[in-house]
Amino acid sequence: MKTSILILAAGLGTRMKSQKPKVLQELCQKSMILHILKKAFALSDDVSVVLSHQKERVEKEILEYFPKTQILEQDLQNYPGTAGALRGFEPKNERVLILCGDMPLVEQTSLEALLSNNAKLNLAVFKARDPKSYGRVVIKNDSVEKIVEFKDANTQEKEINTCNAGVYVIDSRLLKELLPLIDNNNAAKEYYLTDIVKLAKEKDVMIKAVFVDEDEFMGINDKFELSIAENFMQEKIKKYWMQQGVIFHLPQSTFIGADVEFVGECEVYENVRIEGKSKIINSIIKSSSVIENSIVENSDVGPLAHLRPNCELKNTHIGNFVECKNAKLNTVKAGHLSYLGDCEIDSGTNIGCGTITCNYDGVKKYKTIIGKNVFVGSDTQFIAPVKIEDEVIIAAGSTVSVNVEKGALFINRAGHKMIKDYYYKKFQK
């Protein structure tokens, strides 16, 4: 049975206390709404998102990554609440999966399990450790009797720990029939989607409660809950990669972005941060190193190294306190204390301590190209744009501002001056 998916993302998110819309808050470097959309499009090609607060800003991010998403706008002034969000929604398929935009931890497999039940109305529920302000679910004889919003619950109902996860699967025709019957006769004067359970019950529709994991279906409302969710996601990310063969030393101290990829046998030491769409292939990343949107293949990086965006390393050693940016290094050794930015360095080249590619003149960035089997002495500055051909020796302390031909020795140092007995003349009278 084909499914249409609707994601509710129109809320103000006031508890987040941020100028950024709640669904654009990030977990592991990806906004909440993008986490949800990735799973939604894996299940259906008919995905809609309901927006209101800062609609244009959220819509821009959604369509950049998922251009096939249908965008709807909720009239919060006249139709507030979760049921109000569904006005104007026209599903293309036989049933609808309704998700919340602030639930980025939900796994695709859990949604597939929810969809595997053929009841006309399925409701995701969980046993809460602390029910807090969740809506309470009353179940009798394996069927949901009703959902009571916390604000409207009596003392007895507040004792119930079976809570509404806010995720529904409903027959499209049933949704179309019941939605106009929902009113706002409640304490908040909102149109609650939870009332659809009561209306379905009145029509003798079987309502199936599907129990799910509380942590996975956690809604995120403030920065504290955001941090809890990110920790949870980090654990899942690292567990997955460890199961694929990656070694993590003290994994609780590392950060791995949601889009990072490991291939082959990799090893990651403590306090490492790997971000963006970085790809690590058969490599070792040593302690306290940072890698941003870079590819590292058959190489070792660190400790205390920094690969800024667009680096490509192959068969290369990057040592401590080396920073690279937009650098392509193939079979290169850069052991310590160097900055290699906007450069291409070829195989067999050794970069001495304190080497700098001076790539910026205050207006533009320029490239340094270094060929094969070049030996670069310590404390060398390359004033880009500059090209060093193969099999060159650059003497320590040189400032290189001209191209160097193949096989040459390049020396450029300030003249030396030594004054005999100067110390005694200055300090001993």
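Keep in mind that glycine also has a Cβ here, set from the backbone N, Cα and C atoms.
Note that the coordinates shown come from a computational prediction; the quantities given were computed from them, not determined experimentally.
As recorded in Swiss-Prot, the features of this protein are as follows:
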- His336: active site, proton acceptor (ACT_SITE)
- 8-11, Lys22, 81-82, Gly135, Glu149, Asn164, Asn221, Arg308, Lys325, Tyr339, Asn350: UDP-N-acetyl-alpha-D-glucosamine binding site (BINDING)
- Asp102, Asn221: Mg(2+) binding site (BINDING)
- Asn359, Tyr360, Ser378, Ala396, Arg413: acetyl-CoA binding site (BINDING)
- 1-223: region 'Pyrophosphorylase' (REGION)
- 224-244: region 'Linker' (REGION)
- 245-429: region 'N-acetyltransferase' (REGION)
Per DSSP, how many helix, strand and coil residues does the region 'Linker' (224-244) have?
20 helix, 0 strand, 1 coil
Note down the number of other Cβ atoms within 10 Å of the Cβ of Ala396 (acetyl-CoA binding site), including every protein chain shown.
15
What binding-site residues in the list Leu8, Asn221, Asn359, Tyr360, Arg413 lie within 10 angstroms of Asp102 (Mg(2+) binding site), counting C-alpha atoms?
Leu8, Asn221
Sort out the sequence-distant neighbours of Tyr360 (acetyl-CoA binding site) for me: same chain, 6+ apart, CB within less than 8 Å of its CB, listed by position.
Gly341, Tyr366
Provide the number of Cβ atoms within 10 Å of the Cβ of the residue listed as 'active site, proton acceptor', excluding the reference atom itself.
17
Other CB atoms, at most 10 A from the CB of Asn221 (UDP-N-acetyl-alpha-D-glucosamine binding site):
16
Just give me the nearest neighbour of Lys22 (UDP-N-acetyl-alpha-D-glucosamine binding site) among the binding-site residues Asn359, Ser378, Ala396, Arg413, Cα to Cα.
Asn359
Distance check, please: Cα of Ser378 (acetyl-CoA binding site) against Cα of Glu149 (UDP-N-acetyl-alpha-D-glucosamine binding site), rounded to an integer number of angstrom.
69
Determine, to the nearest whole angstrom, how far the Cα atom of Thr82 (UDP-N-acetyl-alpha-D-glucosamine binding site) is from the Cα atom of Asn359 (acetyl-CoA binding site).
54
Expressed to the nearest Å, what is the distance separating Lys325 (UDP-N-acetyl-alpha-D-glucosamine binding site) and Ala396 (acetyl-CoA binding site) at their Cα atoms?
23
What number of additional C-beta atoms lies within 10 angstroms of the C-beta atom of Arg413 (acetyl-CoA binding site)?
11
